[in-house]
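Visitor: Before anything else, here's the structure in question.
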2 protein chains.
Amino acid sequence: MKFKLENKDQHSKARAGEIQTDHGLIQTPIFMPVGTAGSVKAVHQRELTYDVKAQIILGNTYHLYLRPGLEVLEKAGGLHKFMGWSSPILTDSGGYQVFSLEGNRKIKEEGVVFKSHIDGSKHHFTPESVMDIQRTIGADIIMAFDECTPFPCDWSYAKNSMHLTHRWLKRCIDQFDNTSGKYGYSQSLFPIVQGSTFKDLRMDAARFVSDQDREGNAIGGLSVGEPAEMMYEMTDLVTDILPEDKPRYLMGVGTPANILEGIALGIDMFDCVMPTRNARNGMLFTSEGIINIRNERWKMDFSPLDSGFDSHVSNFYSKAYLRHLTISKEMLAAQIASIHNLSFYLWLVTQAREHIQAGDFTTWKNAMVEKVSRRL
Amino acid sequence: MKFKLENKDQHSKARAGEIQTDHGLIQTPIFMPVGTAGSVKAVHQRELTYDVKAQIILGNTYHLYLRPGLEVLEKAGGLHKFMGWSSPILTDSGGYQVFSLEGNRKIKEEGVVFKSHIDGSKHHFTPESVMDIQRTIGADIIMAFDECTPFPCDWSYAKNSMHLTHRWLKRCIDQFDNTSGKYGYSQSLFPIVQGSTFKDLRMDAARFVSDQDREGNAIGGLSVGEPAEMMYEMTDLVTDILPEDKPRYLMGVGTPANILEGIALGIDMFDCVMPTRNARNGMLFTSEGIINIRNERWKMDFSPLDSGFDSHVSNFYSKAYLRHLTISKEMLAAQIASIHNLSFYLWLVTQAREHIQAGDFTTWKNAMVEKVSRRL
């Protein structure tokens with residue numbers, strides 16, 4: 001994997017770059033649609049490429065490990081081949097999902113014991129096993145096994161948790177460096193900066209993570225309920241420390257405004273379930289603002305969902321039609337809204353990239369944040 | 001609307017033809033995907049055209065009348081514009097759906113009073129109102145309001161019901177002929193042959209319907225639980241009477257084998273929810289036979305769903321992947337299976353047409369019926 005930093009904004013920390021992987025190029029800043037269990041919900045692979053224009057997608061290790069399971073994935077030749085996706089894939093470590101299984105998991109020094117949400121069966125994730133699992137899934141970028149602290153969380157819990165994450169990181173690195181990819185292409189390991197909402201811990205963690213000198217770095221444990229300003233403050237601190245010549249990934253973020261602010265703070269990669277999950281609930285992110293498509297207001301509005309950018313579904317289907325489908329519980333509603341929202345997110349980061357290159361990112365960003373945050 | 005009978009098979013009653021409508025050409029025999037409430041479930045309009053290769057789809061008057069309702073449909077300029085489908089549409093009369101609301105509907109000479117399955121509100125369908133509703137929906141082909149008899153049903157009930165259907169047909173024709181299309185293109189009314197499974201009634205009904213001299217004719221009340229042989233026997237009787245120079249539509253039929261046998265009996269048009277409904281339950285109709293994709297047998301089968309014909313989803317996705325999506329309850333499972341099944345149905349009727357034209361339909365049909373009925 002190679003990262004090339006191409007442009008830096010003069011009035012913010014925004015950057016434009018390129019990540020070269022064995023499955024192709026990723027132009028940053030980038031948003032990664034979430035494909036939990038080997039499918040970006042309600043979206044065909046062909047639509048991901050040609051409509052959404054996704055350059056990289058994310059898979060969830062926890063879900064893929066449980067279903068279809070490693071035997072199937074390995075026999076298929078990895079997740080790319082299994083699902084028919086030939087562009088890059090990033091997998092999370094499963095940590096976040098496992099820690100969300102409150103009451104059904106135990107954290108120890110060795111790792112985490114948890115019960116499957118599917119059948120209650122007992123499983124064990126360790127830093128080592130999680131590296132092996134991600135080797136088998138075969139993602140291009142794999143994430144270190146970390147503890148994601150909840151919000152709020154007290155300083156001493158956050159501090160101990162951060163140290164556990166760092167000890168686990170060392171074990172992840174050992175295991176990763178002593179194994180190799182199973183399918184003939186290379187994989188990269190990204191460590192994760194934790195530290196909750198505490199400045200001193202975030203700075204310690206950022207330094208520790210930077211010192212590992214991996215091919216990219218991530219910021220975890222944000223967008224978990226804290227105010228947006230706090231998320232921006234932590235991100236700002238951390239990106240001041242993380243090396244400039246490596247991609248930076250802000251995990252699980254966020255709204256269109258969050259992403260634009262994250263880019264301004266020097267973030268290159270984002271993922272979030274929001275565009276797809278909210279789509280399934282009838283919420284559209286558009287170039288004019290946020291739409292609740294169930295609203296009576298759209299009943300007779302035969303204008304396109306969003307004519308602000310080039311996207312087949314957004315230009316082809318009307319608000320009145322999507323409202324009808326949503327209210328009638330037709331599956332096509334979720335399909336249309338998911339493609340639309342993802343297309344919008346990808347359009348937004350591509351626009352950000354162009355404005356960074358053109359040198360007017362900050363002005364554009366400030367106007368855009370306001371526009372995309374409006375509720376229509 | 002114009003029907004051109006192009007070829008007749010020498011060894012069966014199969015025919016190849018063309019129906020010219022103001023929304024384009026339909027090559028027969030044809031299968032019509034069901035788009036209940038303005039959406040063929042789980043399938044984008046673009047996929048219907050380019051993947052499924054649908055030439056005409058069916059809308060349900062009962063569902064469209066309740067949701068989105070006539071006000072929205074009229075303001076949109078009809079269903080074609082509302083949903084973004086510029087090829088032909090056929091609407092049923094709502095009769096079948098209304099009669100299915102057992103305990104929530106009352107049949108009288110005037111029409112049917114029923115309660116909405118959505119909110120329990122009371123509505124009234126008459127032959128006249130159903131013509132007006134279908135004028136507003138704006139389908140190219142609209143169906144007469146009839147009573148669809150259940151199976152089994154005694155002779156005297158079937159006889160009285162048939163006479164009611166005929167009295168209603170006269171009223172439908174009066175209303176239809178005294179109104180005109182609302183959107184600048186022409187609409188055609190098809191009467192329906194009823195008569196349950198009684199030869200004398202079916203023959204009476206076929207003669208009565210033929211005498212109305214409309215642009216096409218339909219056979220209703222079959223595929224409602226009777227043995228397939230009985231359905232074929234009734235169809236055979238009726239197509240002997242219906243005029244040769246008009247398209248014949250066998251409503252609500254059926255499995256791939258039913259459709260092939262129907263074609264052999266002189267049927268030109270079919271519709272059925274089976275390819276889409278069964279798709280949502282994990283049943284695939286393929287060129288090699290019937291697949292229950294949940295079966296353990298497919299767990300490690302990375303071969304394409306069906307490589308027997310040209311279809312993107314059928315060739316692109318593997319059985320193991322679709323099995324995983326189905327078991328994981330991913331929406332994409334229903335999307336893939338629906339497109340596959342519909343593509344297969346459309347491929348099958350297109351093949352039938354080519355074999356009728358080539359003169360070897362019966363040999364091909366007999367081999368194909370066996371093949372597509374196998375359970376893999």
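Including glycine, each Cβ sits where the backbone N, Cα and C put it.
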Visitor: Among A:D140, A:D146, A:D268, which residue does TrEMBL annotate as binding substrate at the site that also has A:D92, A:S93, A:G94, A:G95, A:Y96, A:Q194, A:G221?
Guide: A:D146
Visitor: Check each of the ranges A:21-27, A:252-258, A:357-363 against TrEMBL and return the one annotated as region 'RNA binding'.
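Guide: Matching range for region 'RNA binding': A:252-258.
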Visitor: With TrEMBL as the source, identify the stretch among A:101-105, A:176-180, A:276-280, A:286-290 annotated region 'RNA binding'.
Guide: A:276-280
Visitor: Let's check the environment of A:G221 (substrate binding site): how many other CB atoms sit within 10 Å of its CB?
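Guide: A:G221 (substrate binding site) is surrounded by 31 other Cβ atoms within 10 Å.
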Visitor: Select the closest residue to A:D271 (active site, nucleophile) from the following recorded positions, measuring between CA atoms: A:D92, A:Y96, A:D146, A:G221.
Guide: A:D92
Visitor: Within 8 Å of the Cβ centroid of the substrate site residues A:D92, A:S93, A:G94, A:G95, A:Y96, A:D146, A:Q194, A:G221, which other residues of the same chain have their Cβ?
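Guide: After dropping the recorded site residues, what remains is A:F99, A:M143, A:A144, A:F145, A:E147, A:C148, A:I192, A:G220, A:M251.
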Visitor: How does the region 'RNA binding' (A:252-258) divide up by DSSP, counting helix, then strand, then coil residues?
Guide: 3 helix, 0 strand, 4 coil
Visitor: As a quick check of your reading of DSSP, tell me how many residues in the region 'RNA binding' (A:276-280) are helical, how many are strand and how many are coil.
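Guide: Once the DSSP states are binned, the region 'RNA binding' (A:276-280) shows 5 helix, 0 strand, 0 coil.
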Visitor: What does DSSP assign A:D271 (active site, nucleophile), in three states?
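Guide: DSSP assigns A:D271 (active site, nucleophile) to strand.
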Visitor: Of all the Cα pairs drawn from A:D92, A:S93, A:G94, A:G95, A:Y96, A:D146, A:Q194, A:G221, the residues the record ties to substrate, which distance is largest, in Å?
Guide: 15
Visitor: Are there any residues in the same chain, six or more apart in sequence, whose C-beta is under 8 angstroms from the C-beta of A:S93 (substrate binding site), and if so which?
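Guide: Within the chain, A:S93 (substrate binding site) has Cβ neighbours under 8 Å at A:T61, A:V130, A:Q134, A:I142, A:M143, A:A144, A:F145, A:D146, A:I192.
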